[in-house]
Each structure stands twice: as structure tokens, then as C-alpha cells.
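Peer 1: The structure's right below; bear with me while I get my questions together.
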Ligand SMILES: [Fe+2]
Ligand SMILES: [Fe+2]
């Protein structure tokens, strides 16, 4: 990124410390995974009783629900990849690893908050006995080793558009998982997913605010970054997941998530529509002709995607699509219909 753009991010240091860092929750007031798990400090029998209760509650969670929960957990567990990605962004990276700049403090605090999500879901699933932990752990191992390329280059404009999108997408996902957990008779799991969703919402607000500020100080540069990100379909962070068995694992996981209505193509378009409205992109002024071009493209996009989705849905409802079973190693090779 050119030096003058890097200067923009330097000049926002103070703004970040007054507007973004307050969105971090003080650690003393933050929840920790152990708050929602069987209490391991209890005497052995009482602890085992709590684990037994957890197992009763999770015994009837449907297989398709478990697949989506495992997939979400694995996505969270690849956090080292996301912190590495963040620190590749020019002008907001953490130069020393414990740098006092407000961008670096935000990135570490964000990582620290996110770190609890995978821990909590992973321990809960482990205690449930419903999933093949060895295969789940292998998938995490493969995924972190594979890394990710979400096509943001080293560009923080694109990076923050991406995180705005992703945090909202995960807020929707965990929120829907909470709703379904309640329906399936596990209110504690519903609380877990709801608590994670609330974190994602807070992070979404932070990233949306950052992009809003960038639109104010550099409308054309930011508008072009939004357009560049939305031009190619936004890549999901765990798209390289692999369990060493199913070469189409990510597609299969996404299909289950879509059929459970946890995260659908319509949600994707909704997120886009929401961001366009929230950033008031249609009314954005002060753009160069290149910026106006990008604006025109972006503002029509959500509508186009929704139309495509509706047509696909109509087609699917007319021509009854045959469902077929897919085996997931995560749930001991049981089949789920997609
Ligand atoms: Fe998360
Ligand atoms: Fe997140």
C-alpha cells in the first residue's frame, strides 16, 4: 500500500483508541469458557454429575446440527491463521508482537476474545461424547497448516470490509445455532452460542465503525476496496478445511448449514444489503469517477444476488431435488442428508 495511505491509518491511531478500543470488554468483566462448562474445581463426583447432565442434554442433538456445530467450532479454532492474516495488513500490523499502537492493541484484544469461542465449543463437544474428537482435531490441524487466502492482499481497507462481513456472518450463524439448540432441548448450549454471537456482534460493530471512518477520510479508496471485496464472492475463512478423507468436506459442511438454515445464500445477500445500508453507500458523495463506478456496482449487487437466489429456490421447488447422504468423519461416519 502506498505510503500516503499508510499515513491515513497512522493518523487514525487516536481515533481508534477513543472509538474502537472501548468496544473491547475489560477482562475482569469478561466471560470465560469455564463459566459455562462443568465445574472442574468441584469434588470428582459432583463434576462427573455435571458431565453426566451435559451428556443427557446433548444425547438427542441431531446429527446435522452437530455437523454444523463442529464446522463452526473448527472455523473458530483456526484463530492463529486469522491473527497472522491481521498482522499482514499494512499500517495496522503489530510491529513487535506487543506493540502499544492502538491498532495492535485492538488486534490482540480481538484475538484474545475470539480465542474463547473455539475453546468453549471444543470442550463442550468433547464432554458430550457425540463427536469423533480425533477426526475433529485432525481437521483443525489440517486447516491451520493450510492457512487461508481471503483475497484482501495486504490492504487494510479490504481487510476491514472483510471482517465487517465475517463478524456479521458469524453473528448470524451462532445466533441461529442458539435458536436451534433451544429447540432441540439444550438451553445451556443455546446460552453458549448466544454468548458467542453477542461477542461477534460487538466485533461487527467495531469493524463497521472503522470502515465508516475510512469512508469519511478516504471515500474513493474505501469505496473501491468495498467493490473489490464484493466483486469476487467473499471467501469463508475455513474454506480450506480438510479431514484427510472427504475432499469436498467444506462444500458438504456448507450444504448442511444451508439446509438447516443456519447460514444460507440469502443470509449472504442480507449481510451485503445491511452493510450497504449501514454505510449509506448509495448516498456517498465526494467520489472520483472511479469511485462512482465502484459505488454503482456495489449498490446493485445485493439485489442481483437475491434475485439469483430466489430463482434458484423457485427452480428447486419445481424440480424436486434428490437429497443424498454424505458421511462425516466428525460424527463417526454417520450419514447426513444434503
Ligand atoms: Fe468467533
Ligand atoms: Fe468473530
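Note: Cβ is positioned from N, Cα and C throughout, glycine not excepted.
Relevant sequence annotations retrieved from TrEMBL are reproduced here:
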{"type": "BINDING", "residues": "76, 114, 117, 200", "note": "Fe cation 1 binding site"}
{"type": "BINDING", "residues": "114, 167, 200, 203", "note": "Fe cation 2 binding site"}
Peer 1: Would you count the other C-beta atoms found within 10 angstroms of the C-beta of residue 76 (Fe cation 1 binding site) for me?
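Peer 2: Its Cβ shell of radius 10 Å holds 24 other Cβ atoms.
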Peer 1: Of all the binding-site residues here, 117, 203, which one's CB has the most other CB atoms within 10 A?
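Peer 2: Of 117, 203, the one with the most crowded Cβ is 117.
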Peer 1: Ligand 2 is in the model; which of the binding-site residues 114, 117, 167 have a C-beta less than 6 angstroms from one of its atoms?
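Peer 2: Near ligand 2, sequence order: 114, 167.
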Peer 1: Excluding 76, 114, 117, 200 themselves, which residues in that chain have a Cβ inside 8 Å of the centre of the Cβ atoms defining the Fe cation 1 site?
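Peer 2: Here the nearby residues are 79, 113, 115, 116, 118, 170, 174, 196, 199.
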Peer 1: Can you count the other CB atoms that lie within 10 A of the CB of residue 167 (Fe cation 2 binding site)?
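Peer 2: Other Cβ atoms found within 10 Å: 23.
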Peer 1: Starting from residue 167 (Fe cation 2 binding site), work out which of the binding-site residues listed here (76, 117, 200) have their Cα within 10 Å, and give them in sequence order.
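Peer 2: Cα within 10 Å of residue 167 (Fe cation 2 binding site): 200.
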Peer 1: Should we count any of the binding-site residues 114, 117, 203 as near ligand 1, judged by a CB under 6 A from one of its atoms, and which?
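Peer 2: Once distances to ligand 1 are taken from each Cβ, 114, 117 fall under 6 Å.
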Peer 1: Excluding near sequence neighbours, so keeping only residues 6 or more apart in the same chain, what lies with its CB under 8 A of residue 114 (Fe cation 1 binding site)?
Peer 2: 76, 79, 82, 199, 203
